[in-house]
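Annotated domain 'Nmd3 N-terminal' per TrEMBL: 17-246, in sequence order. The domain '60S ribosomal export protein NMD3 SH3' annotation in TrEMBL covers 249-295. Annotation comment: TrEMBL describes 313-406 as domain '60S ribosomal export protein NMD3 OB-fold'.
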Amino acid sequence: MEYLRDCASRTPGHVLCCECGVPISPNPANICVACLRSKVDISQGIPKQVSISFCKQCQRYFQPPGAWVQCALESRELLALCLKKIKAPLSKVRLVDAGFVWTEPHSKRLKVKLTIQKEVMNGAILQQVFVVDYVVQSQMCGDCHRVEAKDFWKAVVQVRQKTLHKKTFYYLEQLILKYGVHQNTLRIKEIHDGLDFYYSSKQHAQKMVEFLQCTVPCRCKTSQRLISQDIHSNTYNYKSTFSVEIVPICKDNVVCLSPKLAQSLGNMNQICVCIRVTSAIHLIDPNTLQVADVDGSTFWSHPFNSLCRPKQLEEFIVMECSIVRDLKRSAGAGVISKKHTLGEVWVQKTSEMNTDKQYFCRTHLGHLLNPGDLVLGFDLANCNLNDEHVNKMNSDKVPDVVLIKKSYDRTKRQRRRNWKLKELARDRENTDTDDERQYQDFLEDLEEDEALRKNVNIYRDSAVPVESDTDDEGAPRISLAEMLEDLHLSQDATGEEGAAMMT
């Protein structure tokens with residue numbers, strides 16, 4: 001009777017576990033899950049702790065046998081990389097699900113939760129969930145190791161400009177920073193007349209040369225040196241050198257064109273002023289306001305040089321200024337500048353104020369000058385001009401004075417400048433005391449030339465208080481609308497992944 005009551009109390013379709021006697025649903029092994037797990041561990045052979053290599057410098061993970069891949073935290077790519085580390089043991093079971101368990105970004109740990117299935121006793125399928133702990137170990141990749149060594153390179157781009165002023169280099173530096181062309185460089189070295197960019201591959205160096213040819217007028221020569229060779233596999237190891245020469249003309253230079261070139265540019269006068277150097281040399285004729293652009297190929301076909309050095313700039317005071325309204329243009333004349341105004345001025349050197357010697361000239365700065373203003377210019381009348389084109393010109397066509405730009409108080413401009421620029425991280429061979437003065441000249445050019453600063457990222461300097469766009473003297477300034485906020489995210493605040501995303 002007791003046996004019949006026990007049978008009646010059992011749920012129909014259930015059997016007793018052969019190990020512990022607990023009623024269970026029938027299965028091929030007739031054992032409950034708890035007893036089956038105590039007897040069989042299907043995760044046996046799968047490592048519970050695995051190491052994974054990570055490069056701090058480039059934020060990449062090592063993927064055997066020799067690749068380094070970029071993966072974000074808890075991404076599908078990183079999950080696939082983690083599963084490949086235990087690919088051989090996982091091949092003996094069926095992987096049902098895999099996912100990350102959250103860990104601190106700085107803990108150097110990655111936890112992956114795995115769900116697997118496997119057929120055990122008498123065809124019973126057992127499912128098990130467990131966690132594999134991945135230890136992130138720091139290891140420098142080969143590329144970063146060569147970068148840190150600073151002496152391993154396959155190609156170098158040598159950028160040179162045979163001039164005394166570095167305005168073109170300062171402008172080129174800002175273009176490189178804006179477009180991020182320097183990211184693949186191993187090292188940047190500054191020398192007296194240029195920069196050297198070192199690369200681990202020839203392709204990266206060729207991209208830099210193509211960028212330079214699109215941004216500044218230049219010409220390039222290529223050479224290579226054999227380092228080693230393998231005659232059995234017919235492989236050669238070369239070091240390539242790209243020599244890039246920028247035209248030796250900078251902003252505010254006074255140049256003398258050849259008669260043939262002046263005629264091809266619209267019959268403009270041979271004495272011109274360089275107002276800007278971008279992808280071409282922008283010239284203006286101070287006598288007629290005629291403008292022309294000279295590209296690199298034209299310059300090397302008809303080369304010309306600067307007549308005066310930057311240190312030969314002299315300060316003049318404007319005694320009288322009048323605007324030229326009606327200008328007779330010759331046949332075949334080129335384009336006239338709309339941003340400048342032609343003026344006739346009488347000026348006197350500030351160093352000769354005790355005399356009555358004055359100079360008369362025409363200038364393209366008629367819209368800026370008033371009697372009593374200070375202006376910088378070149379005194380060609382008392383200057384020894386050693387130029388083949390000037391020596392062949394009539395003395396009547398050579399002006400006594402060529403005015404370059406209006407002069408302001410530099411100390412006030414530096415004190416009220418509420419913006420700054422970023423610089424390339426480079427090795428300096430020797431610093432010249434004149435570099436700071438030339439850099440200040442470049443900053444003033446950015447303030448005065450709106451077209452020049454369109455290609456430059458200008459950042460607001462929070463250390464300087466905000467003032468009006470113009471000061472008491474009317475010196476041009478950059479408005480706040482043209483400035484960018486200088487943001488810096490440290491790894492302590494966002495972790496390595498956040499810093500990499502901002503980069």
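Cβ atoms are placed via backbone N, Cα and C, with glycine included.
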For the domain '60S ribosomal export protein NMD3 SH3' (249-295), mean pLDDT (0 to 100): 91
The domain '60S ribosomal export protein NMD3 SH3' (249-295): DSSP-derived helix, strand, coil residue counts: 6 helix, 19 strand, 22 coil
Summary of DSSP states over the domain '60S ribosomal export protein NMD3 OB-fold' (313-406), given as helix, strand and coil counts: 10 helix, 38 strand, 46 coil
